[in-house]
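Participant: The structure is given below, and queries will be raised subsequently.
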Amino acid sequence: MAKLILVTGLAILLNVQLGSSYQLMCYYTSWAKDRPIEGSFKPGNIDPCLCTHLIYAFAGMQNNEITYTHEQDLRDYEALNGLKDKNTELKTLLAIGGWKFGPAPFSAMVSTPQNRQIFIQSVIRFLRQYNFDGLNLDWQYPGSRGSPPKDKHLFSVLVKEMRKAFEEESVEKDIPRLLLTSTGAGIIDVIKSGYKIPELSQSLDYIQVMTYDLHDPKDGYTGENSPLYKSPYDIGKSADLNVDSIISYWKDHGAASEKLIVGFPAYGHTFILSDPSKTGIGAPTISTGPPGKYTDESGLLAYYEVCTFLNEGATEVWDAPQEVPYAYQGNEWVGYDNVRSFKLKAQWLKDNNLGGAVVWPLDMDDFSGSFCHQRHFPLTSTLKGDLNIHSASCKGPY
């Protein structure tokens with residue numbers, strides 16, 4: 001019995017010392033600080049012990065060089081990277097791109113070797129100047145949305161050249177190499193058009209897969225934002241609109257499992273029902289739901305706004321085939337994630353030997369704990385616990 005206790009104690013000690021093999025990456029969006037008071041979220045609100053990587057969204061591009069979007073971003077950079085004083089194991093990445101940024105600046109930049117080198121060298125200078133540990137390329141998307149087919153190849157060329165430049169800079173200056181990651185699409189047709197997966201997997205440190213935004217009001221019927229599995233009603237291409245199918249596609253087409261980071265949304269998509277008596281998956285809809293009080297975006301509610309919707313009397317339903325919830329009240333309907341679905345997805349992630357999770361975005365979790373009455377950052381904290389994320393040197397505020 002004494003030997004068993006000793007062995008168990010050593011195992012626990014080793015686990016604490018070695019830490020988790022999983023990554024927990026968290027996006028911070030620069031516009032979160034501009035929300036009304038209770039929803040305003042600044043870099044100083046971030047628990048430095050919560051995530052392994054913090055990703056600042058977004059930088060811009062001018063004349064093929066990376067640049068900040070607003071002058072306030074520079075103060076944010078300092079505050080975000082200052083969190084590393086409290087957690088020496090924390091890494092910070094700067095994301096460039098995003099949906100609103102569009103593909104055009106990327107297409108122009110990758111079009112010639114000279115433009116690519118201008119961009120790559122500007123990235124190295126910029127990241128070092130502002131104390132970031134790496135880059136997140138968020139090109140949405142190579143080969144889609146007006147980006148020409150040749151960009152599929154040129155994106156791989158860019159990534160390969162950037163990785164080489166990062167390695168050379170590291171050797172030349174005898175400093176840790178900058179990390180290189182990319183956001184990856186979650187729609188199969190977009191993946192096919194945009195990515196040479198084996199080549200990207202070889203050059204990138206991680207691929208953060210957008211396993212969310214899989215259904216929205218443009219569909220004309222209700223659907224989950226980020227279902228783990230397909231619905232019995234999913235046929236044709238709809239059968240691929242789930243986390244399991246998307247990640248399987250990336251793996252089956254050449255991505256290393258340990259480099260795949262699964263997207264976890266801290267928000268839901270909202271719909272207006274055509275008929276309030278029809279509330280299930282696939283029910284007909286007429287438009288996006290009204291904007292949330294704090295996020296102020298039609299068709300979307302932050303997790304903490306979903307909690308308010310539930311607290312005000314909405315009916316919550318567990319969608320068992322897809323392992324995620326939805327809720328409705330009157331003619332309003334929302335598909336989202338909660339602590340239960342995050343736990344199930346975290347276990348699935350571990351069962352599939354994947355690299356970790358990425359939360360989009362941290363500022364839509366219930367960071368204050370005052371809306372959902374669970375705890376601070378209930379969704380992200382669930383992932384931290386279930387993926388065994390910890391830093392022995394970090395002392396957080398919660």
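Cβ atoms here come from the backbone N, Cα and C positions, even for glycine.
Computed from a predicted structure; not experimentally measured.
I grabbed these lines from Swiss-Prot:
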- 1-21: signal peptide (SIGNAL)
- 22-390: domain 'GH18' (DOMAIN)
- CYS26-CYS51: disulfide bond (DISULFID)
- CYS49-CYS394: disulfide bond (DISULFID)
- HIS70, GLU71, GLY97, GLY98, TRP99, LYS100, TYR141, MET210, THR211, TYR212, ASP213, TRP360: chitin binding site (BINDING)
- CYS307-CYS372: disulfide bond (DISULFID)
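Thinking about packing and proximity, how do these listed features fit into the structure?
Facilitator: Applying an 8 A CB threshold to same-chain residues 6+ apart, the list for CYS26 (disulfide bond) reads ILE46, LEU50, CYS51, HIS53, LEU54, ILE55, VAL358, VAL359, PRO361, LEU362, THR380.
Using a 10 Å Cβ-Cβ cutoff, CYS394 (disulfide bond) registers 17 neighbours.
Classification of GLY97 (chitin binding site) by DSSP places it within a strand. Cβ neighbour count for GLY97 (chitin binding site): 23 (other Cβ atoms within 10 Å of its Cβ, all protein chains included).
CYS372 (disulfide bond) falls within neither a helix nor a strand when secondary structure is assigned with DSSP, and so counts as coil. Long-range neighbours of CYS372 (disulfide bond) (same chain, six or more residues apart, CB within less than 8 Å of its CB): TYR303, TYR304, CYS307, ASP366, PRO378.
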Participant: In whole Å, note down how far the CA of CYS49 (disulfide bond) lies from the CA of TRP99 (chitin binding site).
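Facilitator: Pair distance, Cα basis, whole Å: 29 Å.
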Participant: Got a sec? Which of these disulfide-bonded residues, CYS49, CYS51, CYS307, has the most Cβ atoms within 10 Å?
Facilitator: CYS51
Participant: Using a 10 Å radius around each Cβ and counting other Cβ atoms from all shown chains, which of the binding-site residues TRP99, TYR141 yields the largest count?
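Facilitator: Top count of Cβ atoms within 10 Å goes to TYR141.
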Participant: Reduced to three states, what secondary structure does DSSP give HIS70 (chitin binding site)?
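Facilitator: Assignment for HIS70 (chitin binding site) reads coil.
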Participant: Given the binding-site residues HIS70, THR211, ASP213, which one's Cβ is surrounded by the fewest other Cβ atoms within 10 Å?
Facilitator: HIS70
Participant: Could you tell me the C-alpha distance between GLY97 (chitin binding site) and CYS394 (disulfide bond) in angstrom, no decimals?
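Facilitator: Between the Cα atoms of GLY97 (chitin binding site) and CYS394 (disulfide bond), the distance comes to 31 Å.
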